[in-house]
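Peer 1: Here it is, the structure in full.
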Amino acid sequence: MGLRRKNKSPPVLSHEFVIQNHADAVSCLAMGLLLGLMFEVTAKYVIIFITVQYNVTYTTDDKSEPIHFYEYGPKDIATIFFYMLIAIILHAVIQEYILDKINRRLHLSKTKHSKFNESGQLAFFYLFSFAWGTSILTAEEFMTNPTLLWKDYPHSRMFFQVKFFYVCQIAYWFHALPELYFQKIRKEDIPRQLYYICLYIAHICGAYVLNLQRLGLILLVPHYLVELIFHASRLFYFSDENKQKGFTLWALLFVMARLLTLTLSVLTFGFGLARVENPGFSIADGNFNVLTVRISCLAAICLTQAWMMWKFINFQLKKWREHIQNQIPKKKITYTKSKSTKKEPNRANFVNGAVKLEDGASPRTRKSKAL
């Protein structure tokens with residue numbers, strides 16, 4: 001019997017060591033922040049990382065209950081950092097205990113393995129975010145009354161669920177940047193993933209800072225639903241290539257989501273905010289309702305939607321060409337078969353290499369030309 005080779009552990013602080021143990025290191029850092037709450041000296045500093053900051057309480061009457069609102073500020077960076085650590089830990093848990101076990105059963109190639117992991121992680125996130133965002137929208141009246149998207153702007157005061165939703169969204173998309181290194185993403189896939197990660201960060205942070213949380217929320221929920229259907233369909237496709245009906249539903253909803261985004265954006269920036277009673281620019285009050293900001297926001301949204309539609313059209317054309325190329329070999333095979341089944345000359349009519357006609361006449365001999 002041959003000796004079994006033991007897997008050598010990578011050197012400490014090497015690239016492979018960091019990749020294999022990054023979840024444990026991040027867990028220790030998050031646990032250290034939580035342990036800081038136990039001591040009075042460190043609790044006042046650690047609390048900034050864990051709880052949502054900038055609480056504002058209002059009371060209308062002495063008998064009524066106080067209403068709690070939240071604003072944003074620089075301390076939110078610490079809170080986003082802590083929940084970015086939580087996102088890295090959850091990413092590693094989903095990868096190890098769910099996706100890796102499914103990958104072992106499917107025996108996918110390296111390319112499909114990378115796409116399966118990407119779709120699996122995003123499907124979990126989109127499902128959770130869609131359910132959370134829908135619950136917030138049902139509690140509010142944004143869907144039934146679109147005028148609330150610009151009425152009483154600036155919306156500098158948020159409820160706890162709205163602010164915590166945005167903090168978690170920003171933290172998740174920031175955590176996706178180091179995950180490109182931790183998950184050993186292929187070089188050819190990094191630019192594509194960087195594009196949509198940076199777009200998410202820019203748009204969500206823009207809506208959060210410019211006090212457009214209502215518009216951002218009502219645009220994110222249907223977009224997450226469309227992306228959820230796409231990545232769920234891709235997961236089913238990797239398990240069975242015959243399951244492609246989900247892509248048809250995704251294509252239909254994708255176009256509808258783009259139209260909804262453009263309609264609400266033009267309605268909010270072009271008509272709603274342009275007619276409010278308090279236009280002006282004030283960082284202290286959180287009021288950014290000036291023409292330059294409105295045009296910039298609307299242009300950014302329109303360009304992003306145009307870019308997404310361009311990628312969508314190219315994707316559909318690519319699939320259409322692949323479908324046509326798969327049909328061409330089948331036509332060639334059927335054509336060659338029909339050609340081979342044509343009536344061949346009867347071998348019985350050949351006698352010693354000479355053709356014998358059916359009437360018994362011999363073929364006309366050609367006169368040889370003298371050289």
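Just so you know, glycine gets a Cβ as well, placed from its N, Cα and C.
Worth saying up front: this structure is predicted, and the values here are computed from it rather than measured.
The annotation transmembrane segment is assigned in TrEMBL to 29-52, 80-99, 120-139, 159-182, 194-211, 217-237, 249-271, 291-310. Sequence annotations record features per position, and here TrEMBL assigns domain 'TLC' to 114-323.
If you look at the structure here, what lies around each of the features I listed?
Peer 2: When Cβ-Cβ distances below 8 Å are used as the criterion, the transmembrane segment (29-52) is approached by residues 70, 75, 78-79, 81-82, 85-86, 89, 160, 163-164, 167 of the same chain, each at least six residues removed from its ends.
Away from its own ends, the transmembrane segment (120-139) comes close to residues 91, 94-95, 98-99, 102, 161-162, 165, 169, 172, 217-218, 220-221, 224-225, 227-228, 231-232, 235 of its chain (Cβ-Cβ under 8 Å, at least six residues beyond either end).
Below 8 angstroms of C-beta separation, residues 72, 153-156, 166, 169-170, 173-174, 176-177, 180, 217, 220, 286-288, 293, 297, 300-301, 304 of the same chain, each at least six residues beyond the ends of the transmembrane segment (194-211), sit close to that stretch.
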Peer 1: For the transmembrane segment (291-310), find every same-chain residue at least 6 residues outside the stretch whose CB is under 8 Å from a CB in it, and list them.
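Peer 2: Non-local partners: 199, 202-203, 206, 210, 212, 255, 258, 261-262, 265-266, 269-270, 273-274, 281.
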Peer 1: Please give the sequence-distant neighbours of the transmembrane segment (217-237): residues at least 6 beyond its ends with Cβ less than 8 Å from one of its Cβ atoms.
Peer 2: 115-116, 118-120, 122-123, 126-127, 129-130, 133-134, 136-137, 142-143, 149, 162, 165, 169, 204, 207, 243-247, 249-250, 253-254, 257, 260-261, 264-265
Peer 1: Mean pLDDT for the domain 'TLC' (114-323), rounded to an integer?
Peer 2: 91
